[in-house]
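Novice: Take a look at what Swiss-Prot says about it:
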type	residues	note
SIGNAL	1-24	signal peptide
MOD_RES	Pro34	4-hydroxyproline
MOD_RES	Glu41	4-carboxyglutamate
MOD_RES	Glu98	4-carboxyglutamate
DISULFID	Cys100-Cys105	disulfide bond
MOD_RES	Pro104	4-hydroxyproline
MOD_RES	Glu109	4-carboxyglutamate
MOD_RES	Cys114	cysteine amide
Amino acid sequence: MTTSFYFLLMALGLLLYVCQSSFGNQHTRTFDTPKHRCGSEITNSYMDLCYRKRNDAGEKRGRASPLWQRRGFLSKLKARAKRNGAFHLPRDGRGVVEHCCHRPCSNAEFRKYCG
């Protein structure tokens, strides 16, 4: 192989490096760039962004506290009725998975789901 071939190969490599370094900075992410979070990324983001915030679904829905927080005991029949009734609670379908997994969301939008 001739020296002109090596020179051409080095010139192309250098050109690719310069193009990558100059155009690659356009797609960098900042801290609050919207991104998709699915699966374990939702849990990790929740632990990072919602540190020490309580998430109580009963308070958000305006319903009573869970059975384990009440003072008295319920009969088995009443406990079963409450448990089965909680299964049919209406859902609005706009949870964190629908919002941040199916389309990208920023950290500020994700924090709205913190307790």
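Residue 1 is the first one shown; counting continues down the chain.
Yeah, the Cβs are placed from backbone N, Cα and C, and that goes for glycine too.
Note that the structure is predicted; figures quoted are calculated from it, not measured.
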Novice: Report the same-chain neighbours of Glu109 (4-carboxyglutamate): residues 6+ apart in sequence with Cβ closer than 8 Å to its Cβ, ordered by sequence.
Specialist: Pro34, His99, Cys100
Novice: Cα distance, Cys105 (disulfide bond) to the residue listed as 'cysteine amide', nearest Å?
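Specialist: About 14 Å separate the Cα atoms of these two residues.
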Novice: List the residues of the same chain that sit at least 6 positions away from Cys105 (disulfide bond) in sequence and have their Cβ under 8 Å from its Cβ, in sequence order, or write 'none'.
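Specialist: Looking at Cβ-Cβ distances below 8 Å from Cys105 (disulfide bond), excluding near sequence neighbours, one finds Pro34, Lys35, Arg37, His99.
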Novice: Sort Cys105 (disulfide bond) into helix, strand or coil using the DSSP assignment.
Specialist: strand
Novice: In sequence order, what residues of the same chain, 6+ apart, have a Cβ less than 8 Å from the Cβ of Pro104 (4-hydroxyproline)?
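Specialist: Those within reach of Pro104 (4-hydroxyproline), by Cβ under 8 Å and sequence separation of 6 or more, are Pro34, Lys35, His36.
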